[in-house]
Amino acid sequence: LLQGFSLIVTWFMLLYAQGLLAIQFLEFFYGIATATEIAYYSYIYSVVDLNMYQKVTSYCRSATLVGFTVGSVLGQILVSVAGWSLFSLNVISLTCVSVAFAVAWFLPMPQKSLFFHHVPSTCQRMNGIKTQNGSIVTNTSASNHLPGWEDIESKIPLNMEELEPQPDRLLVLKVLWNDFLMCYSSRPLLCWSVWWALSTCGYFQVVNYTQGLWEQVMPSRSAAIYNGGVEAASTLLGAVAVFAVGYIKISWSTWGEMALSLFSLLIAASVYVMDTVHNIWVCYASYVIFRIIYMLLITIATFQIAANLSMERYALVFGVNTFIALALQTLLTLIVVDSSGLGLDITTQFLIYAGYFALIAVVFLANGAVNILKKYRKKDAELSSQVTTS
């Protein structure tokens, strides 16, 4: 509801507000709208089983990308064929977010807090321990010393009919801090979270400034442009890739970092080609590849993180990752784009973004190689010990 209201305010001000101060307020409400998106995935994961995370993530992101595709195609057709103004397109956008706001009133309220709630009734009857990936172990004597495990029984209230007491603020902060430390002490989760924050920062920079690059390659005043069609193609193909990833079976714990490295390198290459080859169609094609790869990887990262978390930590981890990404983007903007920093031209900016993704690829390549070597050495050691024992 808050997101829908914020988007309505954003588009209303986009249509009618004038002046720098008005635009700053517009950005404030748009910031609220983007921040509240974290609650969407947290809510989705709280109502589905763990074994459905991969498919649910792909479905939700596919739906979002299909919406982007329809909007881009419609905008391109209305401008290029029907000759509509950009003001008219924003009226359509305002109508759409208003409908979304109305629909939100009919969604069922979550039965649990995104941070604090009791475990599901199916788990409350079980005397066991819940791991970070959602599995249950009933042999508590053999496993209660393992890190990152939660005692389910300790969370069951003595009287199920009593309302859960509201934690005081200091306790809330303490619990969140302890959860934060526990979450990011997991190496796989930390790896995916680091990639999420770093790559999302670069993705936002490229998406925000790519039309400035296209304008330099082919000015819109001197030729027909197809930016909307390109956005539609990239989101449609991204939706297909995201939907398909729900059915991919691979050991992400072993090969995840290598996959992140390889695809980050492809992203760097696509941004570099977009920047150096001054042909609008090459720019368009590179942008499509760039967005498809990012959408594919961010979907994988989302369900990998979700699979390693207990229910009340989704909003916490997604929020921290997104906050770090936006903080890095702000810093990168101040250094590279803003006139108070380097104030570089658009071509040099994209060269830096390509190098940024290349650096991410190198870091994860080295880390992934070390991880794989450790796993194979551990496996060889276990085989050797078995042979010696036999």
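Here, residue 1 is simply the first one shown, and the rest follow in order.
For all residues, glycine too, the Cβ spot is worked out from N, Cα and C.
What TrEMBL lists as transmembrane segment is 29-48, 60-81, 87-107, 189-206, 226-248, 255-273, 279-303, 315-337, 349-370.
Through the fold, the transmembrane segment (315-337) approaches residues 35, 38-39, 41-42, 114-115, 176, 179-180, 183, 189, 193, 196-198, 200-201, 204-205, 209, 302, 305, 309, 343-344, 349, 352, 356 of its own chain, all at least 6 residues removed from its boundaries and within a Cβ separation under 8 Å. Same-chain neighbours of the transmembrane segment (226-248): 54-55, 57-59, 61-62, 65-66, 68-70, 72-73, 75-76, 79-80, 211, 214, 284, 287-288, 290-292, 295-296, 299-300, counting only residues six or more beyond its ends whose CB sits under 8 Å from a CB of the stretch. Contact between the transmembrane segment (189-206) and the transmembrane segment (279-303) is present: at least three CB pairs lie under 8 Å, with pairs separated by 6 or more positions in sequence. Remote same-chain partners of the transmembrane segment (60-81), defined as residues 6 or more beyond its termini with a Cβ less than 8 Å from a stretch Cβ, comprise 40-41, 44, 88-89, 92-93, 96, 224, 226-229, 231-232, 235-236, 238-240, 242-243, 295, 298-299, 302.
Listed as Cβ neighbours of the transmembrane segment (349-370) (distance under 8 Å, sequence separation of 6 or more from its ends, same chain) are residues 191, 195, 198-199, 202, 205-206, 209, 213, 255-258, 260-262, 264-265, 267-269, 271-272, 274-276, 332, 336-337. Long-range contacts of the transmembrane segment (29-48) within the same chain: residues 2-3, 6-7, 9-10, 13, 56-57, 60, 110, 112, 114, 302, 306, 311, 314-315, 318-319, 322, each at least 6 residues beyond the stretch ends and with a Cβ under 8 Å from a Cβ of the stretch.
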